[in-house]
Amino acid sequence: MLENETKDAESQKDVDPMTKAIGAIGKWQLWICFVVFLVKFPVAWHQMSIIFLAPPMGYTCSNNDTFDNQCFTNCTKYKYDHSVFGDTIISQWDLICDRAWLKNLTQTIFMLGILVGNMVFGHLSDRFGRRNPFLAAVFLQLLAGVTTAYSVNWYMFTSLRFLLAVATGGTMVTSFVLTMELIGTKYRDMIGIIYQIPFNLGHLTLPLFGYFLRNWNTFQLAISLPSILFLSYYFLLPESPRWLMTAGRVDDALKILKTAAKRNGRPTENIESSIQKMVVEVSSVQERASFLALFRTPRLRARTIAICFNWFVCGFCFFGVSQYIGHVSGNIFSNVAISAAILVPGTIISIYANKVLGRKITLMSSNCVTGLSCLLITVVPTSTASHLTLGCVGLWGMSISFATVYLYAGELFPTVVRNSGVGLSSTVARVGSMVAPFVATLAHTSAWLPPLAFGIVPLIGACLCIILPDTRGKKLPDTLEEGEA
């Protein structure tokens, strides 16, 4: 009995003053989470839209009658099979034969934009707060998304999509940070994983847009216009009280915290004294270390490389396999819908797997599921059903891996370099997603190459997990010395 009381007293002592004031989670936080999570729908639509902007299309020289997908040196004009889609970016700008690589380059440049957006808006949100950069990103996303639909050539389309990607990367990083700063430590893991589900649902609704809107420009317009709703966030979304305190705006933080406490049905009398204590703590926090510190000591260096490679695996395999499934023969709409539907159970399972098995076993297992299912594609007899099933199993494994590496990176890096460590990991994931389109479309050249690449890479990731410690339930390392130990 006495031991339990001591434990309770210790946990009360460890509770962060802000959590003590407004609660770890309540009506106020859930409302903010709901509002912010809606932004993940357009994130999924824009990131995965290439599947329907540039779907596989039959083509032939204009003087032929059968769509034989043959390239002719003396052909001046090609005609396209419009039986499934109207105009796509492929038929609009002849992205076939010696121009086929431009289709992949478009998606690679888009993923580069996501990376730039993560970095630029990450810096802006540290400098100017979470709310204003978030609103700026949402506005830019709307503007760039709508104007992309009116592109007159490939260069304009790709440039505007790069801007759209910068904005999308901005909404991703600012919304995630804002959510994590409002939730108490106890629920942060679960909310961090649930944060992936709206992305999965966005991916799942994308085939509906593709099915009803068969021309690329009306499709692009339809996935961009819903962002108009997010302009209302100017009135709905508060600034992060944590950021306000670090910026010395204590009165503004208090106002928001009192509103939150009232909404959560908690007393507001002692908030000021709790927050004053927090302001003292924040002002005495030690200087951040440079991200190069991640590579100075041998153990931390090895762990950084291992976790970064696993982020590469997620970016490379998740976007690569998704695109590959779009190219599997059969009905593109049902193929994409089935592959997206399997992601939600994967994300939910990852919550329990991380609790029961820990980070290390969960990540190794899910990487092995993806690796083995993709390798099986290379050996099973060619049939749409078997390739689609194995591709979906691979994607399901990745949905668990992606949710797990988010948690893992946040717990593995010491506090003084945590932001830099997670930022570096996320950058490496973007590099993976930039390479993915080129690998996914190799199926036209050699059917076994994409599944072979998507099979070997996650298995290497699983092997590298051996050198990682399991961080479940462990105290987060604060200093570089603790990180090394």
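Numbering starts at 1 and runs along the chain as it is shown here.
Each residue, glycine too, has its Cβ placed from N, Cα and C.
Predicted automatically and left uncurated, TrEMBL annotations should be read as such.
The domain 'Major facilitator superfamily (MFS) profile' annotation in TrEMBL covers 32-473. The feature transmembrane segment is assigned by TrEMBL to 28-48, 105-122, 134-156, 162-180, 192-213, 219-237, 305-326, 332-354, 361-382, 388-409, 421-442, 448-468.
Within its own chain, the transmembrane segment (388-409) is flanked in space by residues 189, 192-193, 196, 200, 307, 310-311, 313-314, 317-318, 321-322, 324-325, 328, 330, 335, 338-339, 342-343, 345-347, 349-351, 353-354, 359, 362-363, 365-371, 373-374, 376-377, 380, 421-422, 425, 429, 451, 454, 458, 461, 468, 471, which lie at least six positions past its ends and keep a Cβ under 8 Å from the stretch. Outside the transmembrane segment (134-156), and at least 6 residues removed from its termini, the chain residues within Cβ reach (under 8 Å) are 39, 42, 46, 89, 93, 95, 102, 106, 117, 121, 124-125, 163-164, 166-168, 170-171, 174-175, 178, 217-218, 220-221, 223-225, 227-228, 230-231, 233-234, 237. Same-chain residues lying 6 or more positions outside the transmembrane segment (105-122) and placing a CB less than 8 Å from one of its CB atoms are 46-47, 50, 54, 89, 133, 137, 154, 157-158, 161-174, 177, 315, 319, 323, 419, 423, 426-427, 430-431, 433-438. Tallying C-beta pairs under 8 angstroms between the transmembrane segment (332-354) and each of 28-48, 361-382, 421-442, 448-468 places 361-382 first. Residues 32, 35-36, 38-39, 41-42, 45-46, 49, 52-53, 131, 134-135, 138-139, 141-142, 145-146, 148-149, 164, 178, 206, 209-210, 213 of the same chain, all 6+ positions outside the transmembrane segment (219-237), place their C-beta atoms under 8 angstroms from a C-beta of that stretch.
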